[in-house]
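Asks: Per TrEMBL, the feature domain 'HTH myb-type' maps to A:1-57, A:58-112. Marked as domain 'Myb-like' by TrEMBL: A:5-57, A:58-108. The feature region 'Disordered' is assigned by TrEMBL to A:109-151. Annotation source TrEMBL lists compositional bias 'Low complexity' at A:119-138. Residues annotated as compositional bias 'Polar residues' in TrEMBL: A:139-148.
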Amino acid sequence: MKNVQEEYRKGPWTEQEDILLVNFVHTFGDRRWDFVAKVSGLNRTGKSCRLRWVNYLHPGLKRGKMTPQEERHVLELHAKWGNRWSKIAKKLPGRTDNEIKNYWRTHMRKQAQEKKRPMSPTSSSSNCCSSSMTTATTQDTGGSNGKMNQECDDGNYSMDDIWREIDQSGANIIKPVKDIYYSEQSCYLNFPPLSPTWESSLESIWNMGADESKMSSFAIDQFPLSFEHDTSAWSCLV
DNA sequence: AATCAGCTCAACCGCAGGTTG
DNA sequence: GCAACCTGCGGTTGAGCTGAT
């Protein structure tokens, strides 16, 4: 048995891990997370991989603040369904349950604060709103903090950066966003053209019950990633 | 300039439901 | 029918950032 505490990595994901995960998800799909976790060599649990993909790496995600429309939508849907975050998220393309949950928490906290000190004339400008939920959230979230937008525009390291790096490499790496199509309920990965050997490999892999040792070497062949920490560029590209 | 408080968001945890053998 | 395993969901936490003092 594997000692989970000792062997699995926790905490923030590195760029290399992200790239590796993106590659493997594009290859094997966003299912079978335990398998992806093992085969990729990431020392992460399948759960952790899934979460990273769903909440951050997924190409369909919108980054940045919620629009007033989205905020209103969240409020409406929450009134209807309660804390069914994933259900609500499905109605808001590009938003994750985690994001909505976080938004709601912030929103509720602000509400609670405003209830504590109703009509306080000394409230800062960020608390200037009426008790109307919609207007309150709209102004609050829009006004107080531009962090997310900054990160989006010129932030340290975003998915855009990853895609750009991958794109610039030119190469055999699977292409992101534009080749991936989503429906409301699910995500279809449209793989780039695969070589016949690659295709048959994939097929046989799924059919053979995914012998892990075979898979590992297969993976290494297909993604000869180097994890040398190179600050100038990722040296993982073929 | 330093410190503090509040906020945001990524990530973890535990649990429940679904799937597979 | 049952146990083991996997996936997804909702709740919670903590690090890092920002603005106020």
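Cβ coordinates are placed from backbone N, Cα and C, and glycine is handled just like the others.
Heads up, TrEMBL stuff is auto-annotated, nobody curated it.
Given the structure is predicted, the values throughout are model-derived calculations rather than measurements.
Have a look at these and tell me how they're positioned relative to everything else.
Replies: Taking the domain 'HTH myb-type' (A:58-112) as a whole, pLDDT averages 84 in the prediction.
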Asks: Across the domain 'HTH myb-type' (A:58-112), what are the DSSP residue counts per state (helix, strand, coil)?
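Replies: Residue counts in helix, strand and coil order: 36 helix, 0 strand, 19 coil.
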